Amino acid sequence: MKNKGIDISKFIQPFIQTATERISNLEQAFLKLEKEASQTLIEQALRQAHTLKGEARMLGLVEISDIAHSMETLLQEIRDKKKKTTDVIEELFKKLENIRTLLNQVGKKETKEEVKTSSQETIRIKTDLLEKMGNLALETVLNLKQIEKNNAYFRQLVKKEIELKRQWDNLSQLLPIEEANAFKQKLIFFLENLKTIWLRYENSMTYQSPLTEELFLQSVASRMIPLSTIFNLYIRQIRDMAKELKKEVDFEVSGGEIEVDRTIVDALNEPLIHLLRNALDHGIESPSERQKKGKPKTGKILLKATQQKGKIVIEIEDDGRGIDLNKVKKIALKQGVIWKEEKIDKEIPLDVMEILSQSGFTTRDKVTKFSGRGVGLDVVKKVVEHLNGSWHIISEPDKGTKIILELPASVALLPVILVKTNNQLFAIPSKWVEEIIEIKLEEVTRLQNREVIKV
């Protein structure tokens, strides 16, 4: 792509990435403006739209520039009290979607492979982290080379020491005293050398251990991205879905700043969408139904993330109708599922959770755009189990439902203990190892034609 004789293709991908972030910022601003049209928010949105317009114009992306300009005009009219936010908010959202579509088209034209430009597909690694990792990797390699060198010399000395000891044992009784003493001094000299090399080896290993640990920690840090990467996407989705369902809801998000392994963030996106849809579609009642129950006509949904002892805890909570266990029981029995008669308090028992998360199980009589196919909780269960996490449900009739997911913060790198046997190397996760003991050959005995040890 050229603009006035200048090849600007190298600027397209950075622009797409920056523009995607600007669109995300504008979307968050519009969502807040819909609730409260503060001058500060309007000015922030105007700056984003104005900058986007200029950047697109410089690259010859006229359509994007024109849409950003029209967005800027609408925002100015809101600022100058010429139009109400409620009158133009839908138009602003539509313009954002149009820009997203155009950005995707631009990306596909510029590369042979499809360029994914959604915020969850964009990854940035801090340059200081890369620099740290590079320096640590270099130190680690140099130290490992020194260890290898020491090891080679150490092995030679061990062989010599063994040979000298064998000769000493054979000849000490036969040699004259002077020759025996000379041979003994030679043996002592080799043993001293052996001790020096061993100390050098120990020092190298002492230095290597923190190096390796630091490199491990920096590698983990480079993969961490904030949960807001996906959390912010749901605000708009819940808003649009609530409008379609003719429901009123306040959607609150907290803990988006917490950083989690990118693998987990990617895996969590689908189950969280299902859980939020369930909360809005199954949980939150219509405004009239809520008022009949004496509830505020506006429902509440909370998406919250916290860190607890190396784990990430994600809660999805609503103040809706709760899970109708009688209906669940009726459908379960109809489908031939065994139902244990037991008193159910607030927390849903595991066997009932198994029923709820069975593929195809649904309490809906008919399929709608948002639910009724019985795949939501099935997806949640599979993803949580795949990530070695756990989940449970707390629900009260007419008070609401809370679903809690507990997940590891990182799964990409796992501390392991290496074990070699019969020339095969095995990696055992450290968390599965309770104790490492040294077994001497004389401690091995035979019992019923098998080798055994007493621990």
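Just so you know, glycine gets a Cβ as well, placed from its N, Cα and C.
Per TrEMBL, the features are as follows:
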type    : residues : note
DOMAIN  : 4-106    : domain 'HPt'
COILED  : 16-43    : coiled coil
MOD_RES : HIS50    : phosphohistidine
DOMAIN  : 211-411  : domain 'Histidine kinase'
Per DSSP, three-state class assigned to the residue listed as 'phosphohistidine': helix
Neighbour tally for HIS50 (phosphohistidine), based on other Cβ positions within 10 Å of its Cβ: 15
For the domain 'Histidine kinase' (211-411), mean pLDDT (0 to 100): 81
Helix, strand and coil residues within the domain 'HPt' (4-106) as assigned by DSSP: 87 helix, 2 strand, 14 coil
